[in-house]
Amino acid sequence: MKSQRGKSQRKQAASPSQSEPVEVYCRIRPIDDPGDTVCVKPIGDSLVQLIPPEISSLRNGVTKEYQYTFRQVFDETASQKAVFDQTALPLVEDLVAGKNGLLFTYGVTGSGKTYTMTGEPQDQGILPRCLDVLFNSIDNYQAKKYVFRPDRMNRFEVQTEADAMMERQRREIMPNLTTPSKASLKRPESGERICDPTKVDTVEEDNNYAVFVSYIEIYNNYVYDLLEELPYNSITGYKPPQTKILRTDSGDNMYVHNCTEVEVKQSQDAIDVFYKGQRRRKVAHTALNAESSRSHSVFNIRLVQAPLDERGEEVVQDSEKICVSQLSLVDLAGSERSNRTKNSGDRLKEAGNINQSLMVLRNCLEVLRENQKTGASKMVPYRDSRLTHLFKNFFDGDGKVRMIVCVNPKMTEYDETIHVMKFAEMTQEVLITKSQQSNKFDLGLTPGRRHLHELQLENAVASPEILNPPPLPSMLDFTFGPPFPLLEMVSPTDDVTTRNIIQCLNERIRRRQEMSLDFERSCTFFRSQLVEFEQDHKVTKSRLIEIEDKYSQKEKLFTKMESKNKKLERKVDELSKQLKDMERENQLLGLQVQDKNWKIQAEKNNFDKLKADFRNRLQMNNMAWEKNLEKARRQLEKEAENQLDERDRKLEMLRDIVNENDLPPATPSRARMRTAPQPTPKPRTYTNSAGIQTAISETDITSVGSSTIASSARAAAGRAGNTRVTSRSTNRIPAAKSIPNLSQVGVTPSSSKSRQPVVNPRYHRRSKSSGSAEQWLEHKPADIVETNTIFQPQMTKKKSVTKLDVKDTKTATKYVLTHQEQDSSDELVTKLIKGDVIPTLGGGAAVVFHDVETLKQVSPGSRKRRSPTTPRYDPALQWTDTEERCSVALEGHKRSRTTNL
């Protein structure tokens with residue numbers, strides 16, 4: 001025989017005599033309103049007719065009716081008992097016989113699948129009736145609890161009754177029971193349940209049985225255990241269930257790994273387990289069903305049986321001699337269309353997964369049918385869905401498969417019903433190999449061992465002395481002597497027969513006397529034993545009283561110790577609370593100390609940063625001061641050198657004027673070595689934006705330098721409220737040189753290479769007493785940018801031209817060229833290049849440049865009064881020309897006023 005389920009070899013191609021088709025039954029649900037039109041009508045015990053609606057007939061023009069054949073058709077009046085007897089009762093018989101079975105309900109949503117499977121308490125469905133029939137059949141043949149134990153690998157182990165008793169005691173005192181209790185597994189109080197009294201007569205009497213149940217669901221193609229004890233957290237509540245995986249055991253059978261299997265001893269316990277898992281099953285409200293199943297539920301009933309030993313007392317201690325059969329009751333979720341159920345969100349996702357798994361089931365059956373008809377070897381796509389993967393062994397021939405098609409006869413369900421009918425018709429063409437598994441064990445033991453053992457137990461209960469006879473004081477044979485001799489006398493003189501009879505009677509009398517004496521001795525012995533027993537009883541009673549006193553004392557002591565223990569526990573709890581408070585306070589103080597340390601560190605880092613910044617600033621300030629001091633020193637050196645150069649130049653000019661002989665000096669002076677002699681410039685009057693006129697000569701401008709003019713300009717701009725100051729500097733140009741590119745403007749430059757003679761400007765001085773004013777010719781290109789600077793040369797008579805012509809020089813005595821450029825700091829600099837227009841001997845004119853004025857725009861700076869940077873007038877300087885001294889004196893007076901502005 002086959003012991004554990006699935007240990008046989010793989011199934012080969014079965015012949016038609018060894019296979020059977022999938023049995024498909026049809027059940028029609030009663031309609032709510034008898035006046036509604038129906039689309040399904042039974043026309044026999046195994047035939048139904050499908051009637052299309054009027055819209056479908058008008059569309060095609062022809063009304064086409066369909067007929068489908070089933071193994072059995074149950075109309076609207078069929079009872080739950082009739083459905084069970086025809087569909088599930090043979091599967092229960094196979095289950096007791098050690099064979100596997102699969103029964104599932106199929107149909108659209110709202111067609112009565114769940115009702116057919118579970119029913120109501122007053123009218124039970126298939127699942128409760130299967131449990132009732134099973135326990136009615138094996139009620140007197142069940143093993144003690146925990147004799148059979150699952151090993152979590154789809155197999156079972158067997159242990160002795162002593163080990164089972166210890167495990168029962170251990171699980172009863174533990175708080176977390178492996179088997180659910182009746183208090184936690186209460187079914188809905190909807191009425192008293194009516195049990196099915198049917199029994200199966202094919203039970204093997206010499207076997208012990210145990211029933212294990214499990215309940216799983218396949219939701220969104222994931223397997224969940226509905227009987228799993230979920231861990232509870234007081235904060236987050238129950239943790240969500242974990243998904244289970246499918247595995248293959250040693251016999252290549254599919255099972256749910258780590259699935260909870262509960263051992264039950266009566267049908268009510270199994271139904272309580274079922275209702276416990278039913279509360280956790282996924283159901284939802286849709287437009288077609290108030291409680292629509294959103295998952296496929298599978299309720300497994302596993303019957304474990306093993307033979308008794310030779311005495312008929314315990315199970316054979318051999319795990320290989322265990323037979324496990326399984327009955328799977330599957331309630332498939334109904335196929336549905338979203339446009340009818342109005343599903344959205346999670347409901348729409350659930351409907352998609354349900355339809356997908358049902359489509360995979362249909363594809364698997366189609367491939368099986370094609371392989372059986374054509375002899376092909378296409379791979380069946382069992383792994384495309386958890387549902388088909390779990391029941392792969394049943395379709396491969398590991399048990400009987402039956403299907404109940406539930407139909408809603410409403411006309412609105414026609415489109416879905418026709419698909420269900422086509423699927424049922426195709427399913428009946430699939431052949432399943434007959435299972436060869438059996439519960440017959442060939443151990444060479446005597447049949448009827450259980451019955452013999454029960455008789456021995458009954459006799460032992462009725463006559464206990466048979467099993468344990470009391471000891472006798474003597475080994476006397478309790479018989480009346482030999483049997484009587486032949487009593488027939490042949491003749492009156494037959495003394496032999498008379499002598500034999502007398503001898504037999506004497507022997508019997510003797511034996512009677514001996515037995516009487518023995519009886520008296522036995523009575524005397526019994527009396528003595530009874531007296532001893534009474535004495536022993538008195539001693540035992542006294543000892544018992546002493547023990548009870550000691551027990552009461554110990555009980556009082558235990559009570560005291562228990563009260564003391566409770567006090568200590570309360571004290572420990574208080575101390576633990578104080579410890580927790582202290583730890584919490586310590587933690588808070590630690591956090592505060594950490595915060596303060598962090599703040600101190602942050603302040604220290606900030607202080608170090610400020611200190612480093614201060615050092616950097618101090619170092620940069622020192623460097624800036626050193627740089628400014630060095631710059632001032634260089635400026636002072638430059639100004640002193642310029643003053644010395646200016647003094648030497650003026651002395652040289654004064655010497656030339658006094659001598660008036662063109663003889664070169666014997667020793668060249670400092671100024672003569674640096675530059676050629678220049679004509680004495682005349683003082684000019686400048687007007688600033690504030691309307692203040694300042695008379696400054698060109699010589700003084702050169703002498704004072706750019707710093708004095710800049711100071712005067714800043715002071716004048718400060719009084720006038722201007723925000724920009726013009727810096728004006730003057731550079732002398734030797735008379736012997738002329739500005740380049742003068743030929744471009746039509747004027748002959750004064751140079752040593754000129755062919756036309758040039759009159760010495762000393763001999764062409766205009767008389768100051770003639771009364772004629774200077775005529776200025778201002779040459780200003782068209783692209784000059786007006787700067788509106790503070791200091792502008794004051795020219796009384798001037799003529800401005802953009803393009804120079806020879807005729808413009810006829811009446812001009814002075815020439816000024818305006819030129820603009822950018823310096824190194826990208827500032828706009830305006831240069832006024834000045835010169836004298838001198839007529840030549842050839843009738844032309846020559847321009848001798850002798851002065852360049854530079855106009856800059858600089859920031860006015862601070863309003864604070866600054867000390868003059870130019871040295872005051874040194875009276876030690878001796879001048880021979882009175883006009884020059886007066887000019888310098890006037891210049892110094894004006895400069896002093898300008899500086900103090």
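Numbering starts at 1 and runs along the chain as displayed.
Even glycines carry a Cβ here, placed using N, Cα and C.
Note that TrEMBL annotation is computational and uncurated.
Positions annotated as compositional bias 'Basic residues' by TrEMBL: 1-10.
Residues or ranges marked as region 'Disordered' in TrEMBL: 1-21 (among others).
The compositional bias 'Polar residues' feature in TrEMBL is assigned to 11-20 (among others).
Note on the domain 'Kinesin motor' (21-430): its mean pLDDT in the predicted model is 85. If you look up TrEMBL, you'll see 21-430 marked as domain 'Kinesin motor'.
All protein chains shown were included, and the count of other CB atoms within 10 Å of the CB of G110 (ATP binding site) stands at 23. What TrEMBL lists as ATP binding site is G107, V108, T109, G110, S111, G112, K113, T114.
For 551-657, the entry in TrEMBL reads coiled coil.
Under the heading region 'Disordered', TrEMBL lists 659-688 (among others).
What TrEMBL records for 713-779 (among others) is region 'Disordered'.
Here TrEMBL flags 723-732 (among others) as compositional bias 'Polar residues'.
The feature compositional bias 'Polar residues' is assigned by TrEMBL to 740-757 (among others).
Per TrEMBL, the feature region 'Disordered' maps to 859-878 (among others).
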Next item on the list: Count, for each of the binding-site residues G107, G112, the other C-beta atoms lying within 10 angstroms of its own C-beta, and report the residue with the smallest count.
Entry: G112
Item checked: Surrounding CB atoms that lie within 10 Å of the CB of K113 (ATP binding site), all protein chains -> 25
Note to self: Return the count of C-beta atoms lying within 10 angstroms of the C-beta of T114 (ATP binding site), excluding that atom itself.
What the structure shows: 24
Check: Which has the fewest other CB atoms in a 10 Å radius around its CB: T109, S111, the listed binding-site residues?
Finding: T109
Item checked: Around the Cβ of V108 (ATP binding site), the count of other Cβ atoms that are within 10 Å -> 22
